[in-house]
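Taking it in order: structure first as structure tokens, then the write-up.
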Amino acid sequence: MPFHTHFRWVGLALALTLIASGGLVFLKTSANYRVYFDPQHPLLQNAEQMASRFALHDSLVAMVTTDEATSIDAFPVIDATLDLKDTLTQISGVSGVDAFTDVLAGNPALPIDSDSLANQLINRPAHTGLIVIDTDLKEPGNANAILAFTQAIEDAFTNAYAGLNNVQIGFTGPIALNAAYIDVVRHDLKIFIPGLLILMFIALTAIFHRPAIAIAMITQGLLATLAAFGIVGYLGFTLAAINAFVPVIIIGLTVITAMHPVFGVYHFRLRGAHHEQAIQQSFSDNRQPLILSSLTTAAGFLLLVSSPSPPIRVVGVAVAAGMAIACLLNLTLLPWWLQRLTIQQRTVARTIGAAQQVCLPLKRWTKHRRTPLITSAVCAAVFSIAALTTLKINDNFYHYFPAGHPFRTTTDNLDAQFPGSASINYQLRFTKQNTSEGNNANTPSQASLNEYQQILDWLTQQPEVAAVLAVEPAQLNKASLDWLRQTNTKAASTLTHWISDDTQYVRLQLRIPQMNAADLLALEQKISTKLHQNEHIEATQGSSPDVLFARLSITNATNMFWSLSLALLSISLLIGAMLRSLTATVLALFCNLLPVMLVYGLWSLAGGFITLGTAVVMGMIMGIIVDDTLHLLIKHRRISRHAKDSPQATTNTGNLWESVIPPVLLSSLVLMLALSIGLLSDFRPIAELSFLSIAAIALAGIADALILPALLASPAVRQRF
């Protein structure tokens, strides 16, 4: 009995899978948007330092809108809002409430420009006012805690405005963003696993005409997924919304990796081998490409660890671990399972016959069209290069959610009705202080205040800046600050968010409209350059969730491009070294680069951009599409070794259509079906990741089934490979 079907090897594989799955108890999840950023990143540390110095917390912004017949500052609305404020302050996790009623006439003076603040909280023509709820949650990343908190807030609003049928409420801000992440993850999890299992079962049963084989392959995918997430748990990673798609990737890749040896069993059965012999011959024939394709897939995904975002690193580590476990199971558990299944000869004939009905017409069609196919491939490559010159990085994390999602709707309304729903925060330090004793001791010097006023004047003149919120220079003296702190409770509370206790630091907030990542970072760079030109004021780099996500998009896209380049080059060189052929390196390079270039070229021409989701595809796709190229090149070389003259080489290419290309096309189709589940996601990065992956796999399947055999049959390649 071959070693790979011996029970002790199966037991060892299952034991290792079980041990790896034990890490599931250590698995952590987070619904906080900060999980997407490395805790050691300077921008995040700057944001946390600013939050600590100015007592800042994540906020939940409520948008209160009345109908056209009712003014937002009508007495019933004001009375309900004042009562609501009292109720909100009693809710656990609420550290402060700023409402549009605070800036109405008659309220005490605040330490920042009252007109600027009023414009940020109330829009009378639009009948809209804002209530900003400052939070201090004990578990800011706990999904249940976030949902319980937001539900308590929503209940308070519902009760407060119950007597006013003309009031509508919407929520936005960081806490609403976290809740939106939870919402899309729960939506996706309800669809992904059940939908994938049903789809895979139907597809595999239709292909192999044996439900037991479909169940065996899917079960291996589930085992590999559990083990992969267990390893992630052991390593201490934290899962985020984008990781909800990882099980789909692992199960899909495990299934298609198993398709070559399973199809091989059918192929050898059709050629007259009995069941046991067919299993042994198939796994002997597929062992090397199966191991290598699993390793190259794992290596390709591991390159995702170059991403600046921890959840994207989790994708790489989890899929790489899953592929290692899948490889082990495919070499041990799969043949052991197949040994215990009965495959009737008529079932074999139906499966092979159905595959040949598709492949044989393609074989005849391509036989006399090799030159046009190669020419078309070269033209497609030139077209892709030209189209890629228009591809740009452009991301907006507010649009990660569907157009009708409450968070996105409220955020878009906020952007339309108020001067800027996005923001950039700066921390300014006055390097020159008054040292003399008296009323202005330990306050900014007059030279510092003059520069500060010039900064504010310059910022208000910038067309991209909708509003500037900051402590007014006239208030930065000891007498004014003491008066505010002693006589105005509201002002004293607000003051802590804008000026440090030692008056050496002030916070500057710019309100800006929503804009793409590139434009936002260009604006931040322009402002930072201006702020660093002052003699008596030092400024930190701009910070906010908007800036953090914009920086992440740019850096991640750049890193994924280099990961793609490294994966393509290293895998192609590995194939060439393994087959001892420079020609094999060039073939692998061309047939794997072409689909990726063409997909992104067409994506650019269709108006698409590089975003968080589309950038991840760059980092991972090479590990997926190289598998079929490996099978084709290795098996073509193996067949060629039995050929003694050049005419046989043409027959070799024909043999690929009988035993190799059918599982290549079938595996590509199955993986495309698996990833199509992601198109139903409410989280745009997952939907885009799915779409581009499907497109790349489809084009890679065409390249492997049509272009590569045409190249292998060309005289120039036949002489060298």
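Using the three backbone atoms N, Cα and C, a Cβ is placed for every residue, glycine included.
Per TrEMBL, these features apply:
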DOMAIN    210-340  domain 'SSD'
TRANSMEM  191-209  transmembrane segment
TRANSMEM  221-242  transmembrane segment
TRANSMEM  248-268  transmembrane segment
TRANSMEM  289-306  transmembrane segment
TRANSMEM  312-338  transmembrane segment
TRANSMEM  373-391  transmembrane segment
TRANSMEM  560-579  transmembrane segment
TRANSMEM  586-603  transmembrane segment
TRANSMEM  609-634  transmembrane segment
TRANSMEM  655-679  transmembrane segment
TRANSMEM  691-713  transmembrane segment
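Looking just at the domain 'SSD' (210-340), the mean pLDDT is 94. Between the transmembrane segment (609-634) and the stretches 373-391, 560-579, 586-603, 655-679, it is 560-579 that has the most C-beta pairs under 8 angstroms.
Taken residue by residue, the domain 'SSD' (210-340) breaks down under DSSP into 116 helix, 2 strand, 13 coil. Three or more CB pairs closer than 8 A are found between the transmembrane segment (373-391) and the transmembrane segment (586-603), so contact between the two stretches is assigned (pairs 6 or more residues apart).
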